[in-house]
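Below is one structure; the comments refer to it alone.
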Amino acid sequence: MRRMPATIAFVVSALFCSYVVAADEKKPAEATATKSVEKPAKKPEKKPVLTWAHLDITGSYPEGAQAPPLFSKKSESLATIIERLDKAADDRKITGVILNISGPTIGRAKLNELRQAIGNIRAKGKPVYAWVDQGSSGEYQIATACDQIYMPESATLMLTGLRAEITFYKNLFDKAGIQPEMLRVGAFKSAAEPYTRTEMSPEFRQEMNEIIGNFYEQMISMIAEARKLDPKAVEAAIDTAPLSSAEAHQLGLIDHVAYEDQLIDAVEKLNPEAEVKLSKRYGKKKMNLDFSLFGFQQTMNQLMGIDTKRSSKRPKIAVIYATGAITSGRSGSSMFGGQSLGSETLIKAIREVREDETVKAVVLRVDSPGGSALASDLMWRELELLEVPFYVSMGDTAASGGYYIAMGADRIFAEPGTLTGSIGVVGGKLAIGGLFNKVGVTTSVISRGKNAGVFSTTDGFTESERAAMVKLLNTVYEQFTSKAAKGRGMDLARLEELAGGRVYTGTQALKVGLVDELGTLADTITAVKVKAGFDADKNLELKVLPKAPNPLEAFLGPMDADARSSAAQTALLRRTLDGIAPELTRQLQGLELLRLFGNQRVLVLMPFNLHLN
């Protein structure tokens, strides 16, 4: 028998020994394991995640398509915020909504549109909680549409009622040597009164009393219904305001005196078995972060306003926005805020719709106090040429020229808080010859023709010039009333009873037949869809016009150097005044209407603007 080499024998022996030792070491462990088997610890169960949408309600919410901002935060449009609210209502991933309501500057019609959108979320079984910090009347009225209202203990509820203030400039003009030469048709057509009087005329005062009274009734009813309170209790609370948050809670006007973090804690306690996640940019479009060459081209196309999407052949509803004081030329923005509605811009949009065979119905969204009679009539004519169902949705204001462009529609929808009507005419000029004399400026005149100086800003009207102007205004008024009567299917005599420059709320206008129905823009779109032969719930593409200005031009202003410099200076002045004295800015907005008298000889213009504080 051969013997193994010593080296191999050593290795085998070592391996054998190590095996025995290892086996011996395992025996006690095995014995122990047989006595008590410890189960591995269970992993903690993962909590389900519930997402709540968190949206800010703030800003002025302008109407129409808005250019996306380049380097600054810009107030989103009314359509965009409502689209986000509607998305939250239908999104299965969203459990509830928290609204941070802080300083919205909107009229009563927009306020109601927001409340309707909030109500739509609640109708889908999703809770909506409101956080209100500043406590203005407008903030609170939006918040009443929510399930719960939270205010911090340091906040004050400024539910002090409604107040209208009209500023009159006649004494200022007298001291400056400026002579307002203003004429009107319609006893209630008071657009020029701030320049020709020192206080309201009886007709103006009566009209304002009726409007403020109607708005006040709407506000009381809205709060009482939403908060399940007696209307008299709401009125009593208003008469004791301003209210601390504790007082507001005691009176049942709010639900909780708590801070925002405590609101979030309350949301988490609703579902203790779940993890609550807040989506703070819910529904906002994300920035394009594609840095490839293709992404760069897309970004540049967006900045320059180049639409690269192909127009689909599917049926569409056109939504045309008519926003701002009406003037000839292109739409734009005014020096002290607000928009202007240029006839050239709107007519271009209407013609584009008429030439588009895929457009099966049109909704005109009007938010305008009126302006140029000529521009209003030209836009009205283009709308008359539409061959598809044509409905109107009225926003905060659709008065005078704003009503003019709406009156030919197949059906008119207004909000309860819309200001409309004001069927009347005003015209005139400011004669500044007296001011020139005060500062030592003299004028020599050579003329031919009896009425050559009718639009001269040096002197007031002569008797002949005044008679010519009265004749002109009467002609425009007759055109306005006859077209309104035809558009509304109303006897002319009855229409004239409602005209005379009188302003109505949406609720009042419905009672007298100047509008057909109370409803939102969404209601109007649904109704015209059905009129065009589609099911109410059919999802049709919307064609929104006029198109938004490209972001580059919106940021820089007009592309020529002089206009851009002027726009930048104007924007700087407006921002400075807004920061120092916002009330002064509003006064200057009123004075800015005088520019219309210089540019447009005959106006169909509402006599005032109302702001919700």
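Including glycine, each Cβ sits where the backbone N, Cα and C put it.
Please treat TrEMBL annotations as automatic predictions, because they have not gone through curation.
Annotation comment: TrEMBL describes 1-22 as signal peptide. Residues annotated as domain 'Peptidase S49' in TrEMBL: 122-270, 388-532. The active site, proton donor/acceptor annotation in TrEMBL covers Lys189. Marked as active site, nucleophile by TrEMBL: Ser400.
Here the domain 'Peptidase S49' (388-532) has, by DSSP, the following mix of helix, strand and coil residues: 61 helix, 29 strand, 55 coil. Lys189 (active site, proton donor/acceptor) carries neither a helix nor a strand DSSP state and counts as coil. Mapped onto DSSP helix, strand and coil, the domain 'Peptidase S49' (122-270) counts 73 helix, 22 strand, 54 coil. In the predicted model, residues of the domain 'Peptidase S49' (122-270) average a pLDDT of 96.
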